[in-house]
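Asks: Next up is a structure, given as structure tokens.
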Amino acid sequence: MEKQSEQAIEKLVQQGFVTEEQHTEIKNYTQLGIFSLHTELLFLLYLSVLLFTGGVGTLIYKNIDSIGHMAILAVNFVLIAVCFYFSFKKAKGFSKEEVLFENPIYDYVVLTGSILSCIFIGYLQFQYGIFGSDFSLVSLFSAVICFGIAYYFDSRMVLSMAITALAAFVGITLTPKTVFENDIYSNPTLSYYGLALGILLILWTVYSLHNNLKKHFHFVYYTFAQHLLGISIIAGLLEEHWLFFVPLLLGAVYYFYRISYQFSATSFFVFSFIYGYIGVNILLFKFISFVDTSSIIELIIMVSPIYVIGSIVLFIRLVRNFNKEKNARLQ
Amino acid sequence: MLAYNKEKLENGLLVSEAKELYKMKFISKAQLAEIATQLPLLQSNGNLLVRIGFFLLGCFLFSSVMGSIMLLFAPLMDNNYKAMVYFYALIGLIGTELLAAKNYHKHGLDDAFILSMQGAFYGAVGLSLEDSLPVFIMMMVVGLVCCIRYVHTLSALISCIGLVGLLFDLITEQHLMDTMFLPFVGFLLAIGIYVVYRKLHSNPKYNLYGNALRVTKVFSLVLGYFSLNYMVVRELSQSLMGITVAEGGDIPLAFLFYGFTFLIPLFFIWYSVYTKDRMMLIVGILTLGYSFFTIRYYHQLLPLEIALLLGGLVLFSVVFAAIRVLKHKETGVTFQPDRSSDSNLLVNAQALILSTQADVKPMAPENKMPFGGGGFSGGGAGETF
């Protein structure tokens with residue numbers, strides 16, 4: 001432990017916040033000199049899975065139409081089989097509660113198997129057109145498989161793949177990279193699909209929470225739902241039928257505001273207001289351009305600092321209330 | 001010199017230590033709540049997302065103030081736009097001081113104003129003197145002053161960048177010495193910064209500046225690595241010294257730089273495990289990843305997909321072996337989760353990061369992009385996470 005935190009702990013003891021027994025316990029623990037590489041090693045493992053599957057994917061598609069591709073495909077299939085053989089052997093079976101592998105390595109074996117399966121399905125479609133000409137069905141099929149794997153092996157990583165695949169099925173690319181550059185902004189119908197999928201995810205999460213079905217998945221589901229709804233509504237506000245999206249914006253902000261209180265989760269809180277603030281500003285711009293303010297544009301720029309200060313004061317108040325609630329739960 | 005009440009700042013340190021103890025389950029929730037409510041504190045945002053949100057709002061505020069002032073004074077200023085930028089810096093200073101007086105610290109708003117003020121000031125110096133040297137000097141000095149006065153961590157980074165920029169400028173533009181020495185001077189400077197860090201870090205007087213010192217340390221490690229990294233040296237000597245590398249040829253002392261490109265990260269990793277320094281370990285892993293990228297950039301011994309496959313397999317086996325060795329150790333370096341580690345956080349983070357990496361979208365026939373390789377375009381860019 002660093003010298004600095006030792007001094008801080010001593011001060012806490014002196015001021016009577018931490019008892020002497022606790023202090024001795026802390027000292028004993030410090031003497032073990034534990035330096036846990038848990039997080040770092042798991043992250044490297046994760047990275048190795050991504051490198052390996054990235055390599056497999058590239059290899060298969062570079063060798064399409066060449067003689068060796070059947071062999072590569074067969075090897076891929078064998079790899080999938082090996083991954084799932086070990087996973088099933090070590091898994092404790094399906095449970096509605098959270099079940100963990102004894103050795104966290106198997107989480108990554110499951111992940112490898114799932115990514116390879118998606119590659120395999122995609123390839124079959126590419127080469128043999130098993131789903132006909134409709135490519136979105138591949139995504140749906142991948143999503144179904146990934147949902148199955150995610151629920152059986154209790155893997156949140158595969159769950160996020162499943163949700164991404166489901167979004168791909170309706171035509172939305174869902175990655176942080178695409179928040180600002182998304183098909184959704186040029187294709188209005190996508191925002192309706194996005195809305196529907198987002199609401200579906202929320203309904204499913206509410207149902208799961210009620211029925212104790214993998215309750216710990218709620219964070220992943222809600223995060224995807226929040227961003228899906230956020231992007232769809234913002235895109236909707238920029239379109240022709242924007243009035244339809246105004247109540248949705250208010251509803252989504254309020255819903256995730258409530259969720260953030262329910263789970264004391266700051267990320268839902270912050271993002272609900274980020275999307276809300278962006279939405280409100282879009283409406284404000286719409287209003288300004290609607291009343292044709294070219295004559296008073298200078299006045300608007302002059303009073304803009306007051307508007308920003310006003311919103312800052314509002315947000316400070318909101319954050320203070322949120323933190324108060326969070327701290328109150330600590331007690 | 002300090003803009004804040006020192007006792008309140010120190011209380012902030014105590015509360016964050018208490019939070020750490022709570023996470024490690026040494027003290028109860030009630031104790032943490034008692035500490036957090038009884039000690040008088042500054043206005044801070046512990047959560048990074050909230051802080052970034054307020055930082056953005058602060059930047060909006062600064063730019064809207066700039067806009068209205070521009071309108072107000074535009075008729076008076078005529079061609080004095082350079083003076084205007086100094087005026088913006090002054091507004092930033094006033095805003096910063098006001099926020100400090102109102103006890104805003106690590107809040108986001110204060111970060112926005114401290115950084116905007118400095119940005120405006122450096123811009124003003126650059127515009128009025130039309131030279132980069134004074135800008136670097138100002139970055140070094142003003143960054144340091146802001147770091148000390150407002151206990152602002154990022155300003156320490158600005159100060160370090162100013163120092164390195166100054167040295168770089170002196171050697172390449174003012175020809176203080178032969179450009180050939182640049183890598184070694186950079187490396188010595190990194191060692192110098194690290195020594196200063198060690199001196200200040202061990203002195204309890206500077207506890208308040210713990211984060212700023214940590215940033216300085218990471219900066220010195222990164223600087224040390226990149227001043228001797230083969231790719232950096234080669235690209236810089238091509239653009240600064242006009243050395244052209246012929247087919248099959250190489251830059252002078254190439255073997256030395258190849259060696260350092262790998263020895264420095266390996267040293268970081270070994271030394272960090274030895275001294276139990278997590279920050280250095282992460283820098284070591286990241287720089288090692290960059291070293292592999294460097295090699296692949298110049299020597300494509302293997303096609304990309306084979307490199308990825310082998311890289312994945314080798315990394316997997318190394319990590320697998322490490323986990324087997326460390327799994328049952330109860331003391332020292334171990335694979336057992338830390339008392340404070342939040343496994344839920346890691347799992348959620350990986351789940352969300354995955355959506356950026358794994359591409360599950362089907363490939364349309366006319367598209368010849370490799371499937372599943374979404375995150376890896378650009379030869380091993382995926383080495384770093």
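Cβ coordinates are placed from backbone N, Cα and C, and glycine is handled just like the others.
Automated prediction, rather than curation, is the source of TrEMBL annotations.
According to TrEMBL:
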DOMAIN    A:11-158  domain 'DUF2157'
TRANSMEM  A:41-61  transmembrane segment
TRANSMEM  A:67-88  transmembrane segment
TRANSMEM  A:108-129  transmembrane segment
TRANSMEM  A:135-153  transmembrane segment
TRANSMEM  A:158-175  transmembrane segment
TRANSMEM  A:190-207  transmembrane segment
TRANSMEM  A:219-235  transmembrane segment
TRANSMEM  A:241-257  transmembrane segment
TRANSMEM  A:269-290  transmembrane segment
TRANSMEM  A:296-319  transmembrane segment
Asks: Given a Cβ distance threshold of under 8 angstroms, which distant residues of the chain, six or more beyond its ends, lie next to the transmembrane segment (A:190-207)?
Replies: 163, 166-167, 170-172, 183-184, 213, 217-218, 221-222, 224-226, 228-229, 231-233, 235-236, 239, 245, 248, 255
Asks: Restricting to the same chain and to residues at least six past its boundaries, which positions have a Cβ under 8 Å from a Cβ of the transmembrane segment (A:269-290)?
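Replies: For the transmembrane segment (A:269-290), the far contacts come to 226-227, 229-230, 233-234, 237-238, 242, 246, 249, 252-253, 255-257, 260-261, 300, 311, 315, 318, 322.
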Asks: Same chain, outside the transmembrane segment (A:135-153) by at least 6, Cβ under 8 Å from its Cβ: which residues?
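Replies: Those are 87, 91, 94, 107, 110, 113-114, 117-118, 121-122, 125, 159, 161-163, 165-166, 168-171, 214, 217, in sequence order.
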Asks: Do the transmembrane segment (A:219-235) and the transmembrane segment (A:67-88) come together with 3 or more C-beta pairs under 8 Å, pairs six or more apart in sequence?
Replies: no
Asks: Give, as a single whole number between 0 and 100, the mean pLDDT over the domain 'DUF2157' (A:11-158).
Replies: 86
